[in-house]
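Annotated features, as they stand in TrEMBL:
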{"type": "DOMAIN", "residues": "34-207", "note": "domain 'DUF2921'"}
{"type": "DOMAIN", "residues": "258-393", "note": "domain 'DUF2921'"}
{"type": "DOMAIN", "residues": "449-603", "note": "domain 'DUF2921'"}
{"type": "DOMAIN", "residues": "616-874", "note": "domain 'SWEET-like'"}
{"type": "SIGNAL", "residues": "1-25", "note": "signal peptide"}
{"type": "TRANSMEM", "residues": "626-647", "note": "transmembrane segment"}
{"type": "TRANSMEM", "residues": "659-682", "note": "transmembrane segment"}
{"type": "TRANSMEM", "residues": "702-721", "note": "transmembrane segment"}
{"type": "TRANSMEM", "residues": "742-761", "note": "transmembrane segment"}
{"type": "TRANSMEM", "residues": "767-788", "note": "transmembrane segment"}
{"type": "TRANSMEM", "residues": "795-814", "note": "transmembrane segment"}
{"type": "TRANSMEM", "residues": "841-860", "note": "transmembrane segment"}
Amino acid sequence: MLTAMYHLGLLFPILALFSTSPVSAADYNKTYIYADHCRDIVPESVATTLFVQHNDQTSFEDGYFTGGAGLFQSSNSTVFAPPSVNFRTKSLHRTKKNGIFQIQATMSLYGAFQNRSQHYRRFNYHPKTIVEEATFSDLAGFWSESTGMVCLVGHGVFQNATGISRDLFAVVSLTFPRVSSLSTTWIIGTVKIFDHVDEHNNFGPISLLAYYAPKTYSFTKIPYANTSCSAVKIEDAPKLEMSPDIACAYFYRVFRINYTSSVDCTQGNCRSLNQTLGFTPRFLSLHGITCREDGNTKFYIRFSNSSNYQFHMPMIPERSLVGEGFWDPESNQLCLLACRVNKDNSLKDTHVGDCDIGLTLWFPEVMKLKERSSIVGRVWSIKNKEDVNYFDMASIYSLNDRYNMFHGLHYTYTEADSVRDSCSNGGHSSTELGDQRYPDLKFLGGGRLSLNMKNAKGKGQWGEANFLSIGNDVYGYDFEKMSAVRSSASLAGSTRSSDAANSSMNVAIGIHLWSHFDDDNHFEINELAAEGVYDSATGRICMKGCQYPKHTDGSSLDYDSIDCDILIHIQFAPVDEKAEVHLTGTITSTRNNKSDPFYFETVTISSNQMQRIGADRTVWRMNVEIIMVLVSLTFSCICIAMQIFHVKKQPRVLASVSITMLLALILGYTVPLVVNFEALFMKSRSGSILLRSGRWISTYEVILRMLSIIALFLSMRLLQLAWSARSSAGDSKDLWVQERRALKWCLPLCAAGALLTWLVSSNWEALIPYSGFVLDGFLLPQIIFNVAQRSKGRVLTPCFYIGIVAVRALPHLYDIYRARNYTAIDSTDIYGSGKWDFYSTAWDVIILCEGLLLAALIYLQQRFGSECLVPKRLRMYIYRYEEVPGVDI
């Protein structure tokens, strides 16, 4: 058997080698009929050696396509997301013809998504939902390096929105630019799709277009971008200093366009981008950004009327611009020159038009309630005002900035004083509240707080509150460290930030919603900026909020107007109370006219997952629990080591140690190690998201695993000694018979418990804490074994069985204490964690009694003999049965 497995192991690398080997041209002629479709585009050749795998130079994502009649529904202007195509090269092989490469690739074409939910389902938010998709996973053909032409053929599967699939055959022809520059910045191609059954029944031809962003690129518009930026006068606002390599990473985002910044717009004579694009966009997004070390940048811009057009959206020519730019270190801003994308009749005729649009972006140094964007800028027309395509300068502001708070950023409070009186009047006085203690918000700086929300109709959604500024400190969030970071201090003298007399401090937060109140894809509140006052004596926050309206087609709202008639009240629960809900509050529109388009019904908010409330006390408790865990596990190692020393001094008792007991002990240490073995080799982030002790917790986890391994090795050593002694004993056969009797009693109990646990929870992960319960009763097999073999004498040292029982019982005693003295905060239990054992008031009592009972029974057996536990009426029957020779149980 081992020999067969050895040869099978040798076979796997050989099979893997053949799986990446090139396919001969003869195979193509037989299977894919390459010559019939592609001989005039790229000549075929015989592959020789592997050139590269997963080549980015001949791959692209988020391309755009038109056509495909008979398969894909015709796209229209009302769809949420247009058709898109992805193409990925799996391998390139050299051939006998110089400059010709054999290529193997995959391609996926996605039909238009009619709404937001369909678009999200494509990216596995709802993997069971089906959208129109044609997938070709085995395309094969050739690429000419000299012409940039690629031709492939292969089979695939199409699946429509109803889940019905059909087999297809495709011929793909692509042209990659040989030299990449602004005028050759895209890939064009065609796809011919045939029915797999009848090759003559072809569907409508498909034309595709994709943005091309290779590593090698020739910049030609940098001087013009510099001239455009220099000619525009922009207010001298303080900007953050930023290196080009750091700045480049933050430009891939969505920006809101505000036309009211233009002088002409304020006078009611606004000329927007409508003349240029055919519609008035409310948002623009930057894609395909490539930055070089010298600061030069290439990109494309996509315009839309939805802020959700952020990721995985193709470049539609009539709604896009392409361009180049550079980072100016002197003015700390990005200067860009954008060019129109013109399309005559089809996508293959796409070409670069006039480069007459300028754009600049920078990082502001100061934030306010109405100016929360971490990146702002301007977009303008370079044409003369008399030109029909001229438009007035517009301001642009980045969206979704809840995490990107840069070093050196300041916050200026402008509206906190206006709500200070309402907060003091609306809450309870400190005399009414007595000695109740409320959270110190300093521990929430940079933290994320989950919110549950309900509107007046009772419909719920969930969101997230981010604490941007608390008092004089501004915070951000470091994704590498998975923790909050202090960015800088707020500007001195902006507004009073705290007052020792009334225990109040200024606070600024951002609220971001992730789901909908209604079923029509409309957010009642999308992103809400707020600032106000926190009174630590009453645990109450009063804030004024501002938001821009969510765009919906046909609405008469002025989308350049910001709504600041919003009042927010939040009440925290006292830190010393065990509260199920840690905060409650309301978001209210102060507009009296319900017909006002900005008016909304009052929204109630609550949260039971506070990541930094009471963090000072929680950190202290967690540190104490860490020490308790390490001490307990160290003591377990000592107890097992003492048993090893005991059996070495008295080797005659080794054969009487239950093998089943030792296996249960080993199982209890093995399961946690198997589940979290990766903590030995990679940084664990459990806990570090919660509080500022992430490094300490990660170090603790590694030490915990090391101690668990030591305890496991000691247990296995004890098992090895007991097994050897049992095998060499003169009455080994009788001992193994009694061992099987102990196993006969214990194994069904454990199996029944495991089955019951799984049936109740329907989750295999529930068996992990059950393994801890098995370890709690590890003495049961020894008790049964002692009774079966009429054991006398001290087989187990008291340090071993009493010590292990104490180690297993103490977490349950502590859990009873913790339940009465600490506020429940998710994911902070380290010692006595429900992840590894059963914890509740009932289970704590049961396991404590179980441990004491088993330890007492072992003591009585070793003091008075195992027969003392057997009633006299049963002794003659049991031991007479055991004296029968040859009995095999």
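Here the Cβ of each residue, glycine as well, is placed from N, Cα and C on the backbone.
Contact count against the transmembrane segment (626-647) (Cβ pairs under 8 Å) is highest for 795-814, out of 702-721, 767-788, 795-814, 841-860. For the transmembrane segment (702-721), the list of distant contacts is 629-630, 633-634, 636-637, 640-641, 643-644, 647-648, 654, 657, 659, 662-663, 665-666, 669-670, 672-673, 676-677, 679-680, 684: same-chain residues at least six beyond its ends, Cβ to Cβ under 8 Å.
Each residue in the domain 'SWEET-like' (616-874) has a pLDDT score, and their mean in this model is 74. Residue counts for the domain 'DUF2921' (258-393) by DSSP state, with H, G and I taken as helix and E and B as strand, are 17 helix, 57 strand, 62 coil.
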